[in-house]
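Engineer: Here's the feature list from Swiss-Prot:
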BINDING   L76, G108, F127, S128, R129, M130, T131, F132  S-adenosyl-L-methionine binding site
Amino acid sequence: MNISIVVVGKIKEKYLKLGIDEFKKRLSKYCKLEIIELDDEKAPENLSVKEMEIIKDKEGKKILGKIKHNSYVIALAIDGKGLSSEELAKTMSDLAVRGNSSLCFIIGGSLGLSDEVLGRADYRLSFSRMTFPHQMMRLILLEQIYRAYRINNGEPYHK
């Protein structure tokens, strides 16, 4: 399966880069992985609701421009559906069985995703009702994708 992760923002922390690189290496035996980093829009403090929407729309247009037309799109969204690791593994397996060879995960910037991006998503996935830094979510997502492949292949992985 081809998996792309479209993310707004760059990774600055070395410890996150190391973890991300480790899971990219581990995933290379299971899938073709592409991480597409997009520049985030500069957002000053104390934005109005309208200014937030403008920034999300600008980032959203960049995101939409990177989604392949045939991809099944999973947007990470706080209001999405929460899944266990086993349920994510089953979802990914079911998508492959149904002929989806391209899966695209989307991680928005600090303000979240635009309505247009959420509208394009085939599925909204929530890892928690809590908010996490989007850089950290990249590492957590990669770990969960790796765990899903291990589960689907009947391979041991710590719980």
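Glycine residues also receive a Cβ, built from the backbone N, Cα and C atoms like all the rest.
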Engineer: Taking DSSP as the reference, which of helix, strand or coil describes T131 (S-adenosyl-L-methionine binding site)?
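Structural biologist: T131 (S-adenosyl-L-methionine binding site) sits in coil per DSSP, no helix or strand.
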Engineer: Would you mind checking how many other C-beta atoms are within 10 angstroms of the C-beta on L76 (S-adenosyl-L-methionine binding site)?
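Structural biologist: Taking all protein chains shown, L76 (S-adenosyl-L-methionine binding site) has 24 Cβ neighbours within 10 Å.
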Engineer: If one looks at the chain holding G108 (S-adenosyl-L-methionine binding site), which residues at least 6 apart in sequence have a CB under 8 angstroms from its CB?
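Structural biologist: Within the chain, G108 (S-adenosyl-L-methionine binding site) has Cβ neighbours under 8 Å at V8, K56, E59, I63, A75, L76, A77, S114, V117, H134.
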Engineer: Relative to the Cβ position of S128 (S-adenosyl-L-methionine binding site), how many further Cβ atoms are located within 10 Å?
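Structural biologist: Neighbour count, Cβ to Cβ under the 10 Å cut-off: 10.
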Engineer: Just jot down the residues in the same chain as R129 (S-adenosyl-L-methionine binding site), at least 6 apart in sequence, with C-beta under 8 A of its C-beta; none if empty.
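Structural biologist: Looking at Cβ-Cβ distances below 8 Å from R129 (S-adenosyl-L-methionine binding site), excluding near sequence neighbours, one finds I78.
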Engineer: Please list residues from the chain of F132 (S-adenosyl-L-methionine binding site) whose Cβ is under 8 angstroms from its Cβ, counting only those at least six apart in sequence.
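Structural biologist: Expected: I140.
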